[in-house]
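Asker: Below are the structure tokens for one structure; questions will follow.
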């Protein structure tokens, strides 16, 4: 059974229970998402990718983001395509990230909105 199948199975039983908790360790309360929220966000992303991307055998998608409450939904959304996700560390030097992206021959890279600052 795949990870996405396991999550969907758990979601079918526990839709309104907490699936994800993220604590930024900044003296604020942690943020929680239910299975319903995670699965809906993942499905929205996978539908978007299938509609707008021409995969033609390419099944790797870069994911350029910081850890956060949305990360599990993004990973799940990519896996549902189905595709492999390739994590790209935003804190790495831009030249290293660029080299890594070229080496992996990534055609598509999802970039977290707050990461868009011209570092590519």
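Note that Cβ sites are derived from N, Cα and C of the backbone, with glycine treated the same way.
Copying in the features that TrEMBL gives for the protein in this structure:
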- 9-114: domain 'AMP-dependent synthetase/ligase' (DOMAIN)
Asker: When the domain 'AMP-dependent synthetase/ligase' (9-114) is classified with DSSP, how many of its residues are helical, how many are strand and how many are coil?
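Answerer: Helix, strand, coil within the domain 'AMP-dependent synthetase/ligase' (9-114): 45 helix, 23 strand, 38 coil.
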Asker: Taking all residues of the domain 'AMP-dependent synthetase/ligase' (9-114) together, what is their mean pLDDT?
Answerer: 94
